[in-house]
Ligand code: ATP
């Protein structure tokens with residue numbers, strides 16, 4: 001393989017730039033020509049593809065977001081539309097493509113792989129919801145962003161003896177909520193994977209108040225219910241002064257953490273290694289601190305699982 005390309009797709013995550021940098025530098029190191037596709041699959045269709053030299057990824061490792069930009073491109077599910085993208089790549093002599101993104105982006109990558117472009121996926125999403133890897137790029141940074149906010153909210157919560165409900169991202173996966181609840185010392189966490197009764201939460205807050213607790217922090221993943229709805233529900237069972245904070249898109253921004261930069265660099269370089277080795281239809285990952293590769297179909301064959309031990313531990317430590 002002489003020419004490869006890289007794109008970022010789906011929701012952006014801190015560390016995507018570090019992954020692109022690693023792909024570009026590793027490819028050039030091995031005398032490959034490397035191209036950046038701007039705006040994800042959209043740019044593949046519109047031929048927004050530019051050759052990258054080593055300087056093109058300079059001063060990018062510390063930046064959040066993705067300088068290649070990302071886009072949602074639903075029409076990429078249509079074979080005819082994908083064919084246009086494939087023709088654009090082939091016209092430049094590009095045989096291999098690295099896709100940095102989430103589950104949906106992997107589905108597009110799998111199709112491209114079946115249709116003649118060798119693809120490798122890199123897990124880039126703050127949700128940490130991709131099978132075949134313990135961690136996705138951006139999760140650690142987003143987790144630290146949430147923890148910082150939880151710490152700050154805790155200060156004001158205890159000054160005013162309030163119950164704070166903090167809504168964090170996670171439509172289908174509770175990893176961000178769970179990890180931030182454990183790390184932030186929250187009293188309660190609500191995640192899509194486990195049902196919890198609001199009455200049960202109210203009882204716990206009441207017991208805390210009786211023991212002299214000055215504040216309570218509840219972390220709710222957006223996929224369970226909104227912070228506002230959670231506050232409304234809670235009011236039915238307990239009379240406490242409640243405030244809601246919706247963290248929203250701030251969780252996706254910011255300079256990537258050291259962990260995310262290192263992870264992204266390892267993933268990017270490994271993806272190039274695999275393509276040079278003529279391997280494709282795979283996503284890279286990390287399991288027990290070892291780089292791994294998993295076939296796309298194996299990634300899609302099961303649901304992402306939450307760490308049940310961690311859920312139990314979070315509940316045990318927040319008594
Ligand atoms: P995040 O987890 O951050 O949402 P994602 O990669 O799962 O990231 P999606 O919006 O689901 O984000 O997918 C990104 C893009 O991948 C879509 O806009 C579309 O272009 C492409 N894609 C998704 N599903 C398919 C599919 N079944 N076939 C082809 N392309 C797809």
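Just so it is clear, glycine is given a Cβ too, placed from its N, Cα and C backbone atoms.
When TrEMBL records 72, 73, 102, 103, 104, 105 as binding ATP, the matching candidate from 11, 15, 36 it lists for that site is 11. Of the residues 63, 154, 252, TrEMBL puts just one in the ADP site with 21, 22, 23, 24, 25, 185, 186, 187, 211, 213, 214, 215: 154. The 6 Å Cβ screen around ligand 1 retains nothing from the binding-site residues 169, 185, 213, 243, 250. Straight-line distance linking the Cα atoms of residue 105 (ATP binding site) and residue 125 (substrate binding site), rounded to a whole number, equals 10 Å.
Local packing around the Cβ, expressed as the count of other Cβ atoms within 10 angstroms, is greatest for 25 among the binding-site residues 25, 72, 171, 213. Distance noted between the C-alpha atoms of residue 185 (ADP binding site) and residue 127 (substrate binding site) is 20 Å.
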